[in-house]
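Feature annotations, courtesy of Swiss-Prot:
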| type | residues | note |
| --- | --- | --- |
| ACT_SITE | D721 | active site |
| ACT_SITE | E759 | active site |
| ACT_SITE | D791 | active site |
| ACT_SITE | H924 | active site |
| COMPBIAS | 115-125 | compositional bias 'Polar residues' |
| DOMAIN | 366-478 | domain 'PAZ' |
| DOMAIN | 644-935 | domain 'Piwi' |
| REGION | 1-125 | region 'Disordered' |
Amino acid sequence: MDPTRPPFRGSPFHTPLGVRPPVLETKEEGPHGRAVLLPRGRALLGASAPSSDTTQRDPSDSRNVLPALFRGMGIETKPSGIPGRGGPVFGRGFLSTMSSGDGPDQPLSEPSIRPSLSTRVQQASDFSTERVALGRARFPIPPVSMEKPHVPTGRGLLFPSVLPTLTSDPVPKESPIATLQIEKEEKWEPLPKKGSKGSPCQLGLNLIKINFQNEAVYQYHVTFTPIVECRSMRFGMMKDHRSVTGPVTAFDGSILYLPVKLAQTVELESERRTDGQKIKITIQMTKILDPSSDLCLPFYNVVMRRVFKILDLKLVGRNFYDPASSTVLQQYRLQVWPGYAANIRKTDGGLFLLVDITHKIIRSDSVLDIMNILYQQSPENFQDEVTKQLVGSIVITRYNNRTYRIDDIEWNMSPKDSFSMSDGSKISFIDYYSKNYGITVKELDQPLLLHRPSERKAPKGKALDIVLLLPELAFMTGIPEKMRKDFRAMKDLTQQIHLSPKQHHISLGKLLKRIESSADAKNELQRWGLFLDTDIHMTTGRILPIEKINLRNNSFPAGEDLNWNREVTREACRSSVHLLYWAMIYPKRASAQAQELSSMLERIGGPIGIRVNHPNCVELRDDRVETYARSIKSLLEGEGKVQLLVCLISGTRDDLYGAIKKLCCVQNPVPSQVINTRTISQPQKLRSIAQKILLQINCKLGGELWGVDIPLKSVMVIGMDVYHDPSRGMRSVLGFVASINSCLTAWYSRVVFQLPNQEIMDSLKLCLVAALQKFFEVNHSLPEKIVVYRDGVSDGQLNTVENYEIPQLQTCFQTFDNYNPRMVVIVVQKRVSTNLYSTATGQFLTPQPGTVIDHTVTNRKWIDFFLMSHHVRQGCGIPTHYICVMNTANLGPDHLQRLTFKLCHMYWNWPGTIRVPAPCKYAHKLAFLSGQFLHHEPSIKLCDKLFFL
């Protein structure tokens with residue numbers, strides 16, 4: 001740092017109006033919910049609960065009760081009512097205490113500055129009508145009005161009520177527990193999802209079977225008379241009666257879970273310490289649960305979090321890491337922390353602990369080190385460069401292992417500035433870190449990093465605070481941009497991250513041994529009657545039959561590695577379009593490369609059945625965006641017919657690429673090919689690269705490269721995906737691609753722009769009706785069956801797809817007279833934690849492409865399967881999860897699995913299989929191009945071509 005010019009100091013600092021006091025920090029040990037009750041008059045967004053600890057809960061309260069708790073209570077009350085204060089607590093969060101029975105401790109937070117104007121509105125709760133905060137939550141509270149509710153669109157779809165209807169009468173002093181009846185869960189019947197095609201294979205899964213010692217878990221409803229509104233006071237009263245309930249409890253304020261059976265009704269008495277009032281506590285058994293019940297999963301996951309903490313694993317975000325076992329890449333100044341992403345799931349095979357191996361990349365340089373480097377490189381534009389480099393980055397503070405996003409830099413503040421503690425006393429940042437963490441701050445003139453927490457992380461009853469961090473104590477995470485372009489560096493890093501199946505199994509085995517060798521960890525599990533298997537779960541899967549690839553004059557099996565690059569570059573394509581009238585634009589310094597590429601395309605076109613004429617060459621004086629744009633407009637407006645426009649550009653330039661694509665896809669529609677001169681700069685590789693370019697050009701002109709046998713007749717296959725660009729705040733883009741011929745080799749595409757961050761699509765009718773009309777033009781009939789592959793949907797949105805998107809699709813059929821096709825809708829999930837290991841040879845290897853498993857690990861509520869369709873060269877085999885949410889075509893499991901596998905062969909940008917069906921990949925490419933570069937719907941003239949490849 002330049003001693004004569006402190007680069008970090010700005011204008012004098014003025015003490016902020018509000019300060020959030022630092023308090024001791026603990027992690028909330030329960031799932032976080034979103035569906036909550038709000039009193040009348042309170043805004044649905046940004047409203048704050050009363051500051052007192054009452055039964056009415058704030059949307060930001062992470063300790064809200066799961067709606068599933070009351071769903072299983074069997075409470076029968078009057079219809080259409082409202083709870084008063086102190087009534088049963090509703091919500092989605094769960095269990096702030098476990099076996100300890102203590103209330104939540106105060107968290108130790110970062111020094112933070114509260115905004116001067118509160119973004120929340122506090123209003124006292126009353127007994128009037130409650131409204132519902134709708135969002136991603138799957139179980140919104142039912143409306144209280146008897147009128148038909150308005151159904152909003154988007155993620156917050158209002159589903160039928162799953163909670164007991166509540167009374168609008170004043171709440172009685174005593175809860176009507178006499179109406180509670182003990183009931184047992186209904187038995188579950190497995191869905192018909194197992195296929196039979198293919199050869200069996202032995203598989204290992206990254207699942208550990210959970211076994212039970214207890215026969216049941218007992219659910220109780222706890223009533224306090226008179227009503228005790230303070231939640232922590234209720235925790236304290238229940239803690240006083242551990243001699244009755246036992247040391248192991250899960251209590252959320254009104255619902256109590258125990259591994260032991262009490263009498264049907266237990267009455268206890270406590271004294272309220274604030275006024276000496278005698279409080280009657282009535283514990284009423286409401287349900288006998290199987291130990292593997294869904295209602296038990298939240299506190300089982302809390303138990304596992306405690307086990308990981310006992311093993312001295314550090315919680316960072318949602319995963320646990322082991323910094324003590326980190327690998328240091330000294331030459332790149334990086335640390336790689338190994339860790340585990342674990343959660344308990346109930347599947348068709350029972351209750352399992354799913355453990356995925358994960359890694360956290362931590363840079364050895366602090367944010368302050370990066371600031372010093374930037375200052376040395378550009379002292380004049382120092383602050384601008386720092387803002388450009390750091391804002392939006394994720395940092396970790398090692399003293400508490402928490403991650404933060406940098407939203408801004410406070411140049412006018414330093415560690416010497418002070419803030420107010422909860423008791424009103426002032427303390428500087430220097431003293432705060434020294435007192436609480438024993439850290440001595442060395443750089444006193446450094447600015448502070450600013451982080452704005454999201455609304456859902458706001459403490460109960462408090463406005464959103466601004467977190468301030470010291471650059472000296474914050475470390476960058478992730479891979480540096482410069483390193484991403486270094487092939488050797490990325491190779492060294494991926495060797496540490498992409499573990500082989502054998503290494504995966506060893507890591508999982510080490511975790512199980514650590515749990516087994518820790519008496520405290522085993523005791524934590526046994527308190528709830530849980531114990532784990534000593535190894536991962538083994539089962540049997542299937543390898544689907546190898547598909548046959550069809551070219552124009554030849555057919556051949558795909559082979560074990562599922563790659564047919566040699567065949568498609570030596571034999572004629574299934575259907576080709578001759579390249580007769582095309583143009584090539586390039587800067588003057590790339591003229592030699594342009595001539596070589598043109599000559600090579602003419603030579604290699606013959607074997608693959610494409611005749612290539614000499615192009616109309618346009619040489620540019622420079623490579624500015626304006627020069628390209630002017631030449632392209634002049635060429636396309638002056639020429640009578642141009643089949644294709646090829647542009648050579650130097651380097652990776654998003655601005656130039658976007659300008660070319662806008663001109664060719666929106667303003668003057670023509671298929672275009674943009675080629676980086678670096679790609680064709682090596683003569684020894686030019687032939688193979690030119691072959692790939694020509695095959696891609698053939699697709700863009702409407703040609704077909706290869707196909708597979710499709711036994712289904714009169715079928716349309718649709719792929720849908722959504723692209724989001726949150727960094728730019730642009731609208732979301734829906735990519736829609738549908739097949740329009742019988743062999744699924746011709747495609748029709750459309751794009752729909754949506755509101756920001758809107759995943760559920762609102763404009764399907766426009767796309768599907770246009771696709772059906774195009775299908776009719778080609779085939780002179782409408783499809784009898786429609787198969788939809790919907791990408792980018794999480795488990796929590798499955799019901800929304802079923803209840804909202806599918807009805808939109810079905811309304812399209814009313815456009816045509818007497819048309820009611822059979823329909824299949826399959827959700828495609830790529831981001832899964834399930835790993836497959838082949839154990840056929842006695843060793844843990846990557847499964848063969850075509851490996852499918854449709855049992856054990858599958859979802860109990862849906863017909864689904866996991867398919868490993870692609871060839872993996874490095875790391876573990878991560879399958880793709882397919883969930884069938886609708887099937888009126890009566891396609892069996894074998895039909896669904898084999899059709900999906902066939903479509904994974906049909907992506908023409910790669911002569912092999914890919915992770916998802918081709919229409920999904922096409923939809924993704926289309927949505928990405930439109931959202932990232934075009935920012936507009938492509939011209940309708942290009943809809944029947946794969947112009948977006």
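Cβ coordinates come from backbone N, Cα and C, glycine included.
Across the domain 'PAZ' (366-478), DSSP helix (H, G, I), strand (E, B) and coil residues number 35 helix, 30 strand, 48 coil. Reported as a whole number, the C-alpha separation between H924 (active site) and D721 (active site) equals 5 Å.
D721 (active site) sits 5 Å from D791 (active site), taking the C-alpha atoms as the reference points.
Set side by side, the active-site residues D721, D791 differ in how many other CB atoms lie within 10 angstroms of their CB, and the most is found at D721.
Classification of H924 (active site) by DSSP places it within a helix. Taken together, the residues in the domain 'PAZ' (366-478) have a mean pLDDT of 85 on the 0 to 100 scale. The local packing around H924 (active site), expressed as other Cβ atoms within 10 Å of its Cβ over all shown chains, amounts to 22.
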